[in-house]
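What follows is a single structure, written as structure tokens, with notes after it.
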Amino acid sequence: MDNGGGNSLPSGPDGVKRKVCYFYDPEVGNYYYGQGHPMKPHRIRMTHALLAHYGLLQHMQVLKPFPARDRDLCRFHADDYVNFLRNITPETQQDQLRQLKRFNVGEDCPVFDGLYSFCQTYAGGSVGGAVKLNHHLCDIAINWAGGLHHAKKCEASGFCYVNDIVLAILELLKQHERVLYVDIDIHHGDGVEEAFYTTDRVMTVSFHKFGDYFPGTGDIRDTGYSKGKYYSLNVPLDDGIDDESYHSLFKPIIGKVMEVFRPGAVVLQCGADSLSGDRLGCFNLSIKGHADCVRFMRSFNVPLLLLGGGGYTIRNVARCWCYETGVALGVEVDDKMPQHEYYEYFGPDYTLHVAPSNMENKNTRQMLEDIRSKLLENLSKLQHAPSVPFQERPPDTEIPEADEDKEDADERWDRDSDMEIDDEQKILPSRVRRQLIESDAKDQDGQKVNPDHLRGTDAVEEIAAPAKASDVSAMAIDEQQPTKVEQDNLSKLSDQGYHKIT
């Protein structure tokens, strides 16, 4: 597998097997946002049960994520925000009303039991996947608990508290000059776009419903700023888009992105709220249509991180992510669903696939053609494969040895090693920010700059001067003994010059 600049040429038949690492924590389904809340982590447990009963787990390395720690989260998030998440509980929240408001926690993003552990778990899976890809230990890494794309540096948003995607991309940037982020959730991937809005080392491409819809960002005219100009692509869509219309945009746009940008790694956020019949969504994609995005990205044979995201009709979320795991493996799964503990959720048909509805597709051929033309025109303005010199990069994140969890966690760290991120970061000069905000300034092409994006320079500066690597990784799950750590592949690390953490 070529991990240098990335191989942008299709690799042949989709059936070619890939080595897949799959991250899952058996506790994840126990977290509960509260009565009536549409986000249900139980869907991850349902997905896992389907994977087990379809026999897909035996084709992958199944890993329990190593929980992300404070300093891992602080590679992107502000220290005071992470401290708040760590300390807030349902019992103490009434004493923290000012902080709750400041960090946008309380309604869409409620305080619930185990909130911080939940964040550590899903972020640990995404960063652990990036570590596995960086160490060439798999071709595709999967974390269906991740993909929480709305979280910002200093605040929660849209059911998301910690932006595991930004953290995973920062990890990938230690090994790859360029990383591509693609988002097929129905909602705009605003948190990831904002974090990398001013860099040319990360390209973000989001396909989303636009127009009187959360989070309200993602205009086709928002294309990046400064060095990041044209490295943000937004594909605004209307209600009822079907498989054919979606792929009339996805395939030519992503094909051109791969040709021009030539990423060394790809992160695909597979939010399932873009499926037909979603409780909060308004698109009309079939599971096969949604999965064709995974199939297409896989065909380029570039290291690939697959993440979850939205998805609120949970039986269809589990169907979708199970099928997409099969696509990642190159295994076709039967439409007839096997008996398992959540079988009753899938009646009356008990099939993996569900028919899309007959809802109106408001995306006309002309609209789709205009969007495709505009975005391909923007891509034509990019230099092929920008030559980005590597900054001095931090040490590689190590994969913990089996007995590591017995050690004192703090002793594995220089206590002051990576908590100075904010002090080192440079932001846009205040004069520039003020002028942009006051005048609703125009960028190089005379288009408006969204001042919100200027907050997104934080992760960019981290690329230039990253903190010391975190050692977030994973413990392999033995199906009978979920906490047992597999030694598989760890011996290879010493052969490659990686040393055991002490």
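Keep in mind that glycine also has a Cβ here, set from the backbone N, Cα and C atoms.
Within 10 Å of the C-beta of H150 (active site, proton acceptor) there are 27 other C-beta atoms, taking all protein chains into account. As annotated by TrEMBL, active site, proton acceptor applies to H150.
The feature substrate binding site is assigned by TrEMBL to D108, G158, Y312. There are 20 other Cβ atoms within 10 Å of the Cβ belonging to Y312 (substrate binding site).
All protein chains included, D273 (divalent metal cation binding site) registers 23 other Cβ atoms within 10 Å of its own Cβ. The divalent metal cation binding site feature in TrEMBL is assigned to D185, H187, D273.
Under the heading compositional bias 'Acidic residues', TrEMBL lists 398-411.
Per TrEMBL, the feature compositional bias 'Polar residues' maps to 480-494.
TrEMBL lists 37-325 with the feature domain 'Histone deacetylase'.
Marked as region 'Disordered' by TrEMBL: 383-417 (among others).
If you look up TrEMBL, you'll see 438-458 (among others) marked as region 'Disordered'.
The region 'Disordered' annotation in TrEMBL covers 477-502 (among others).
Taking the mean position of the Cβ atoms of D185, H187, D273 as the divalent metal cation site, the remaining residues of that chain whose Cβ falls within 8 Å of it are I186, H208, G271, S274, L280, G281, G309, G310, G311. Sparsest Cβ environment among the binding-site residues D108, D185 (other Cβ atoms counted within 10 Å): D108. Counting other Cβ atoms within 10 Å of each Cβ, the binding-site residues G158, H187 show the lowest value at G158. Cα-Cα distance from D185 (divalent metal cation binding site) to G158 (substrate binding site): 12 Å (rounded to the nearest whole number). The distance from the Cα of H187 (divalent metal cation binding site) to the Cα of H150 (active site, proton acceptor) comes to 9 Å.
Calculated from their C-alpha atoms, the gap between G158 (substrate binding site) and H150 (active site, proton acceptor) amounts to 6 Å.
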